[in-house]
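As recorded in TrEMBL, the features of this protein are as follows:
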- A:29-469: domain 'Amidase' (DOMAIN)
- A:LYS81: active site, charge relay system (ACT_SITE)
- A:SER156: active site, charge relay system (ACT_SITE)
- A:SER180: active site, acyl-ester intermediate (ACT_SITE)
Amino acid sequence: MTITKKFDVLTYDQIREKLLSGELTCESIVKRYLEKIKEFERLNAFLSVFEKKAIQRAVEIDEKIKNGYVGKLAGMVIAIKDNICVKDEKCTCASKILENFVSIYNATAVERLLNEDAIVIGKTNLDEFAMGSSTENSYFGPTLNPYDEDRVPGGSSGGSAVAVAAGLSTTALGSDTGGSIRQPAAFCGVYGLKPTYGRVSRFGLVAFASSFDVIGPFGNSTKDVALVLQVIAGRDENDSTSADVPVPDYLSYLDKDVKGLRVGVPVEYFAEGLDDEIREAIEKRLDFLRESGAILEKISLPHTEYNIPTYYILVTAEASSNLARYDGARYGYRSPQAKSLYEMYVKSRSEGFGAEVKRRIMLGTYVLSAGYYEAYYRKAQKVRRLIKEDFDKAFEKVDVIITPTSPTTAFKLGEKTDDPLKMYLSDIYTVSVNLAGVPAINVPAGFDSKGLPIGMQIIGKQFDEGTILKVSDFLEKNFSG
Amino acid sequence: MPVTIKDVEYIANLARLEFKEEEKEKFTEQFNRILEYIDKLNELDTTDVEPLYHVIDLKNVFREDIVKESYPREEILKNAPSRTEFFFKVPKVIQVEKPQKENEDKEQS
């Protein structure tokens, strides 16, 4: 019998009803979360907590509720990954180089949440500049997994995943470049959605790899994730890569059955290297979907083995270019040692960035440098097309693709820090989704014999978040096993 | 061909980074392992494949050329590590520096 820790969590549904009936106030909810944050301080999920501001805002929203007007997310307490800008608050990216940087505007996603009366409670820990899979690469120390504090929460959005899992906030925003929402969601047993590339504005998200990055929500239910996506999705004139595609009513996809749904199961994602307990948990859910009227089909994504090398060439190249802006001139850390302009650049960057960030800037600079551009960068762009075409072909036959989110459950702190390649391979099932720009969600899929959460990934067609939310919601409400 | 410490130094200069000697060694070794893994892509013939720059259909976006308020100067300068009243302040730019020619002429082989 598996013993799993239980955390005291509330979904927004439960809160909203009590708020509108007057049984609860936003102020009492915020105070409750602030207490929880203190109680779980050792997990290091938050880099900053907006105690005063959050209470003040709660009081204002309570007033609005009394006056009969409420936004869609009134009283939803949300934590924001610390690479997403919240006006007049620090945005450190868990880096020494931005330790004292204060945002002068809100990210569009944050602005839209605030417009619907959500309450931002604080900023969460991450791998420096979102580069990592364990939240160990933080200048402010690692975040711990609430299910086993000797283990990592996954990454890079580890703080956001932990905040939601341990009940320190109702929902959270993260960012996903190669799995940074889904993998920590899997390791912490929560829902985490990576939207289609361009579905959510990147304005105010600190750039890592611009053709991959996307902001997305964490929640303790599919509905919470859908509610947040509803508000943050859509075209934004401040982000020219945000898509001008209509945003459907995501709630209309919930409480539906899966009769006739075509589910693709890619053989490459169930091959060697996958933990047996995870395989079993996913297969049980696949069987349940079949029994519920879905049509399962074995498919192939033949370029799967090239995902990781392609991904690491392209993201490091984009990162080396994006991170060139940290030069010590206009904002961020400047080395006190620097006597010339050249030294200001070199010393500020070398003292300000951590090891993994430097490693990626170096790799990216290398693959873009004269003589290697064709062999590495251009080659990887070509393979990216082949990988995307694999998905295009698969989605001609199926509506969703189901895979494990990660080959293992949460690993031990320090287990992979000395071996970057080993760490990179923990993203093996998630990076393809970013390479193809499609949406995917992590759905909690029970626990292994160590009591650690297992995650299942549902991948959809571009801009079809609705269908993956439908499947996630169906399993959440109907599967028990 | 494996990357040497000299290559690592060359790339570090391009990226405006510097490393201690022992870091360079560790780095060179990790770099080579990562590159060896990445070389796997050469198994694929991509002669006739077009590179993929963007995963969604993106069009260039134009806007009307209308003057709009920008962020106030004081806000922008708030995060500056060093400043004057109106400008960012940096170390003296005009000075005699060693020519960078050595690096630019370095042959890739």
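From the backbone N, Cα and C atoms, a Cβ is placed for every residue, glycine too.
The model shown is predicted, which means the values in this text are computed figures rather than measured ones.
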Other than its own, how many Cβ atoms are within 10 Å of the Cβ belonging to A:LYS81 (active site, charge relay system)?
31
Determine, to the nearest whole angstrom, how far the Cα atom of A:SER156 (active site, charge relay system) is from the Cα atom of the residue listed as 'active site, acyl-ester intermediate'.
5
If you measure A:LYS81 (active site, charge relay system) to the residue listed as 'active site, acyl-ester intermediate' at Cα, how many Å is it?
11
Provide the number of Cβ atoms within 10 Å of the Cβ of A:SER180 (active site, acyl-ester intermediate), excluding the reference atom itself.
37
Taking the Cβ of A:SER156 (active site, charge relay system) as the centre, count every other Cβ atom within 10 Å, in any protein chain shown.
35
A:SER156 (active site, charge relay system) in three-state DSSP notation:
coil
Tell me, what is the mean pLDDT of the domain 'Amidase' (A:29-469)?
97
